[in-house]
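Features as listed in Swiss-Prot:
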- 15-35: transmembrane segment (TRANSMEM)
- 88-108: transmembrane segment (TRANSMEM)
- 117-137: transmembrane segment (TRANSMEM)
- 159-179: transmembrane segment (TRANSMEM)
- 191-211: transmembrane segment (TRANSMEM)
- 239-259: transmembrane segment (TRANSMEM)
- 272-294: transmembrane segment (TRANSMEM)
- 313-333: transmembrane segment (TRANSMEM)
Amino acid sequence: MIETLLQSPSSWTNFFIFFGLAVLLLFAVLGFVTYGILAERKVMGFMQGRIGPNQVGGRFGLLQTVADVLKLLLKEDSIPKAADKPLFILAPVIAFAPAFMVLAVIPFTDKFQFADIGVGLLYYIAVSGITTIGVVTGGWASNNKYSLLGGMRAAAQMISYEIPLVMSVIGVVLLAGSLNLNEIVAAQEKVWYIFAQPIGFVIFLIAAVAELNRTPFDLPEAESELVSGYHTEYSGFRWAFFMLSEYVYFFGMSSLITVLFLGGWNPVMFLGFIPGAVWFALKFSSVVFLLIWFRVTFPRIRGDQLMEFGWKILLPIALANIFLTALIKELFF
C-alpha cells in the first residue's frame, strides 16, 4: 500500500493518508514503549528479588507507566532563567524525532514495513546520529555544569562507538551484497549472520549498548556523578521526550539486531508453519531481554575505560573482521 502511495502523484488525499499513517505509527510505538518500559521494570524487579510495579492497574501494575506519563504531562513546564531558551526547547525535539524516523525502514515482516528503501541500513545509521545533536544541545542550553558534562560525555561516547558500530555491519553488507534490510533478511534464509558473523555480532551488540547510553555505558546520565546528566534541568513533558527517545531507540536497535544477525522473520529449521511476525517477535524479545540483563548485571565503567575499550579494542577487531570477511568471501564464495 505504502509503495503504491509513494509512486502515485501528489495530492491532498495522499497527504492525509500519509499523515494518518504517521499518527497511527506514533500511537502504536508510544503504546508499545509504554508497556515495554513496564516489562523492563518487572523483569528488573524479578532479577533483583523485588515485585516491581503492582499498585496501579491491578496486581500486575498494568497502568503504572500510563500513570507515570500522565504525571509527567501534568507537571509544570519550568525553564531555568539562565538557560538558552530557544535551544532548551528545541533540544528534546531534536533528540526525539530521529527515534521515530528510523523505525520507518525496519522490516518487521516481509509484508509489514513503512518504507522499503534501497539503502535502509545507511539511512538508519545516518538518522540515528542526529540524536547526538539534541543531547549536546540540551546539555549546553541548560547552562548547568552537570548537564554540560553529561552532554560532552554523550558526544564523545556516541562518536567513539559509532565507528565500530558501522564497521561491524560492513561484514553483513559484504555477505548480503546489499544495504537493503529486506534483502539482508532474505540472504539469511539458510544461515543467520550471528553464525556467519559472530565477531561482528558481538561488536555490534557492545557498540549498540554504548550508543543507547545504557548500563554499563550510561556515563552521560550517571545519577551518582552528574545528578541526571544532560537532562538534569528538564522536567515534565520535555524530560519525557528524552526518555521516550531513549526507549524508542532501545526497541529500534533491538529490531535492527534482529534483522541484521537473527534472520528477521525467517523461521528456525522445520518450523516454517509459524508466522514470520511471531518469529520476529520472539527474536526481538530475546534481544530486549539480553539488554535488560546487561543493565541489571553490570556496573558502570569509568570514562577512560570506555574510551580505551572503544578505540583500542573494538575498532581494531572490527577492522580485522572486515578484512577476514572480505578474504573469506573472495576465496570461498
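From the backbone N, Cα and C atoms, a Cβ is placed for every residue, glycine too.
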Remark   = Beyond a gap of at least 6 residues from its ends, the CB atoms lying under 8 Å from the transmembrane segment (239-259) belong to 29-30, 32-33, 36-37, 69, 72-73, 92-93, 95-96, 98-100, 102-103, 106-108, 124, 128, 131, 134, 138, 181, 184-185, 201, 204-205, 208, 211-214, 230-231, 280, 283-284, 287-288, 291
Ask   = Are there three or more C-beta pairs under 8 angstroms joining the transmembrane segment (313-333) and the transmembrane segment (191-211), sequence spacing 6 or more?
value = yes
Query = In the same chain, who gets a Cβ under 8 Å from the transmembrane segment (272-294) while lying at least 6 residues past its ends?
reply = 36, 39-40, 43-44, 47, 108-110, 112, 205, 209, 212, 214-216, 250-251, 254-255, 257-258, 262-266
Query = Of the listed stretches 15-35, 88-108, 159-179, 313-333, which one has the most C-beta pairs under 8 A with the transmembrane segment (117-137)?
reply = 88-108
Request  = For the transmembrane segment (15-35), could you work out the same-chain residues 6 or more beyond its ends whose Cβ comes under 8 Å from its Cβ atoms?
outcome  = 2, 5, 62, 65-66, 69, 100, 103-104, 114, 244, 247-248, 251
